């Protein structure tokens with residue numbers, strides 16, 4: 001797993017972020033709840049004190065009278081150091097008595113007995129104000145009056161804080177638990193992936209056996225895809241091993257011949273025999289070296305990993321380059337090598353060096369199998385490369401067989417049996433067809449590579 | 001000519017050095033990439049041609065080539081390699097090699113390529129193919145030591161073929177390089193080639209026709 005992008009991290013992030021959001025919502029909710037509770041508790045206190053004050057109101061000297069004992073005033077305060085205010089107003093809204101000139105509230109005409117609450121700012125202090133409208137009971141005069149009580153908010157705030165802190169601890173513990181559970185669950189859910197990774201990492205790099213591992217459905221599909229790939233690789237490797245077996249046999253034989261010839265020559269004293277041996281050895285080593293080169297190109301061509309990009313190639317140019325390359329060897333042997341190109345460029349998507357190697361192999365074959373005249377030809381419709389010789393040719397019934405690796409027509413000991421197989425591989429890679437025909441004139445062989453284009 | 005051979009296989013290096021010395025070249029042989037790079041990365045290495053293997057101990061042949069080409073674009077380089085595939089040739093030629101020979105190669109082939117490269121890059125005015133000599137300054141030919149007197153057009157044609165000796169030259173190129181400005185029919189060139197061939201017959205220098213590619217002058 002790379003540090004930048006891991007499934008584990010991704011899952012964790014996507015689950016933890018919403019969880020964090022939820023936690024924040026819960027915190028807000030807890031704070032609002034705590035404040036509400038504190039308000040209700042303190043409002044009840046306000047209510048009780050307003051009632052107590054209202055009961056103390058008397059009718060004396062033709063007016064309202066309140067005599068509040070310090071003990072009663074004490075009752076209004078709580079432990080918190082808040083300041084408590086009260087005031088008595090008559091029905092006309094005139095201040096009768098109290099320790100503060102508390103403001104009134106715009107009240108809807110509601111319940112007689114209920115206390116009306118309001119938050120007011122008075123003399124730069126935030127107050128909770130409760131107003132009770134009532135009238136004298138049990139006196140001859142049933143005068144209406146208002147009791148106003150208020151206190152500062154310290155008590156409420158400290159209670160809110162205390163309540164909120166309690167919820168905070170509970171929420172934190174729950175969040176921690178949830179995070180732990182998440183981490184564990186993700187680990188658990190991803191554990192098959194870890195097992196798969198470990199199983200792949202612990203494999204012997206040489207083994208191509210299928211993976212046998214119990215996995216959940218989603219990963220089982222991945223395992224099957226991997227196993228398909230492994231099966232294809234097994235087939236490729238089997239093919240390669242067969243080829244290597246053939247190849248090592250093909251290389252060992254001429255090497256044994258070389259060594260035997262050298263040994264024999266060393267036992268002899270006649271320089272003429274040495275010369276003969278050296279000539280034989282030179283021919284064999286040259287053809288063995290050529291075989292090694294061809295084996296290499298065969299292996300590379302059959303390598304499914306390497307599929308080079310096809311670019312437009314002018315067949316005329318390919319034919320000229322290949323002919324120039326083979327000119328030296330043909331001249332030394334007195335073979336007339338020529339090329340017949342067409343006037344205009346014939347473009348075919350392909351890999352230049354592969355097409356040149358194709359022609360080089362065909363020219364080489366013709367040269368080795370006794371031609372004295374070889375012609376490389378480019379035809380336009382369909383685009384075709386041809387190599388025609390005046391050698392002995394190949395009987396019609398053998399023409400398919402010679403395309404197989406290591407098959408040799410008339411075994412003259414010269415060829416490697418790979419040349420045509422290489423040409424065939426290259427032709428296939430170019431969507432072209434390799435066909436063998438009789439020469440247009442005489443007995444020779446005419447090999448044609450016809451490009452079908454991508455339509456085929 | 002001074003040749004630098006960079007090849008790590010002892011048997012091949014020794015054989016090639018011997019062959020080239022028999023052709024009257026001064027040959028210095030190096031077997032190591034780093035050594036070769038040191039020798040070639042400064043001006044004044046004094047070589048006329050470099051034969052370069054690609055698979056070397058130390059740094060590889062392409063690095064040696066790159067180091068050389070940084071300051072010297074002239075000295076011809078012939079790449080020798082066992083890597084074989086033509087696709088490597090492209091890389092080598094892109095880096096500024098002049099020619100490419102895949103192992104295994106015939107010694108004749110190597111000698112022919114060396115001759116062609118030296119001829120193409122020689123700064124002297126004296127050209128030689130077999131026993132045919134041409135001094136491009138005086139425009140005079142000698143064949144086997146005897147002066148060879150030619151009519152002007154044949155002279156220009158042969159001069160052009162000598163500059164490209166070992167490589168086929170097609171009629172279009174001959175018309176352009178040897179008879180620039182003159183309108184020459186294909187037939188006319190064939191006539192001159194025919195005459196030149198008659199003059200050169202039995203001399204050890206041959207003027208051959210390569211079908212589809214042109215005319216090729218080479219020593220037999």
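Backbone N, Cα and C atoms are what each Cβ position is placed from, and that goes for glycine too.
Remember, it's a predicted structure, so these values are computed and weren't measured experimentally.
In the domain 'HAMP' (A:187-238), helix, strand and coil residues by DSSP number 37 helix, 0 strand, 15 coil. Annotation source TrEMBL lists domain 'HAMP' at A:187-238.
The feature domain 'Histidine kinase' is assigned by TrEMBL to A:246-455.
Annotated transmembrane segment per TrEMBL: A:12-32 (among others), in sequence order.
For the transmembrane segment (A:168-190), the list of distant contacts is 7-8, 11-12, 15-16, 19, 23, 26-27, 30: same-chain residues at least six beyond its ends, Cβ to Cβ under 8 Å. What TrEMBL lists as transmembrane segment is A:168-190 (among others).
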For the domain 'HAMP' (A:187-238), the mean pLDDT of the predicted model: 87
